[in-house]
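Novice: Quick one: the structure is below, and I'll ask about it shortly.
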Amino acid sequence: SFTLTGIPGLEDAQFWIAFPFCTMYFMAVLGNITLLLVIRLDPSLHLPMYYFLSMLAAIDLVLTTSTIPKLLSIFWFQSHEINFEGCVAQMFFIHSFSTAESGVLLTMAFDRYLAICKPLRYSAILTGPTIAKLGLAAAVRGIAIVTPPTCMVTSLSYCGPRVIRHSYCEHMSVVKLACGDTRPNSIYGITAATIVVGSDSILIAVSYMLILREVIGLSSREARLKSFGTCGSHIGVIVLFYTPGLFSFYTQRWGQNIPMHVHILMADLYLLVPPMLNPLIYGMRTRPIRDRVLSLL
């Protein structure tokens, strides 16, 4: 088994840090479950954009639930131990579903591009089978990319103290405990993360640039402001998703001068803040969903 330290350097404050973490986790779970139920129960919301929102909500539920309950048990009950199989499973879920979420964010940017720039072809392009294929492609890509490093981790030998200086089983934090040559793990991890995040973020940026160019040409000032507000909030969520993840990933390798507690806090918030904000920004800022939730309340 391994021992998870939590947040190195903030052990005395972990008990109190757990309270805002628990609140954010509760909001993330409640918000995403509400989003899924509202979309499921309202036939008028059975449209491409809302199907993609459902995928995002489901991924966020898996991401948070695979890590935060264990994290809270460390902070509140000093339950630091995790067995090897559980650690590998947690690592697989974190990285594969993070990759899948990146793919879903890309499909959502593509959806908005079609809705605003190609409205007459929107329904013809985003049919039911196409939506299912896009969702399946995001899931398969996440599993395919994360399976090799997971297999490599299980084949390594671990010697010495099995203490993971992290709140959860992140890939490189586990690899650092292994004996022997771990360069293949490191090279594969950094290459995969750079290619996935780089390609997805560039394509998302291109989509929103084309959207903004189309929005600027709108004659109505009110329509322009509404579109700018929607695009701005979506871009904000995307930045919040990618920035902490990349910061955590690269800090594991080259961030020796960055305090450990800063790195771990950023890594923890990466799994909490986007799942908490996604239902609010993508869901409650969407009028049909907001009206449906208010009517239910």
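Each residue's number is its place along the chain shown, starting with 1.
Backbone N, Cα and C atoms are what each Cβ position is placed from, and that goes for glycine too.
Feature list, courtesy of TrEMBL:
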{"type": "TRANSMEM", "residues": "15-38", "note": "transmembrane segment"}
{"type": "DOMAIN", "residues": "31-282", "note": "domain 'G-protein coupled receptors family 1 profile'"}
{"type": "TRANSMEM", "residues": "50-68", "note": "transmembrane segment"}
{"type": "TRANSMEM", "residues": "88-110", "note": "transmembrane segment"}
{"type": "TRANSMEM", "residues": "122-146", "note": "transmembrane segment"}
{"type": "TRANSMEM", "residues": "187-211", "note": "transmembrane segment"}
{"type": "TRANSMEM", "residues": "231-250", "note": "transmembrane segment"}
{"type": "TRANSMEM", "residues": "262-282", "note": "transmembrane segment"}
Novice: Where else in the chain does the transmembrane segment (15-38) make close Cβ contacts, counting only residues six or more beyond its ends and a cut-off under 8 Å?
Specialist: 7, 45, 53-54, 57-58, 60-61, 64-65, 68, 71-72, 75-76, 268, 272-273, 275-276, 278-280, 283, 289, 292-293, 296
Novice: So what's the average pLDDT for the domain 'G-protein coupled receptors family 1 profile' (31-282)?
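Specialist: Over the domain 'G-protein coupled receptors family 1 profile' (31-282), the predicted model scores a mean pLDDT of 86.
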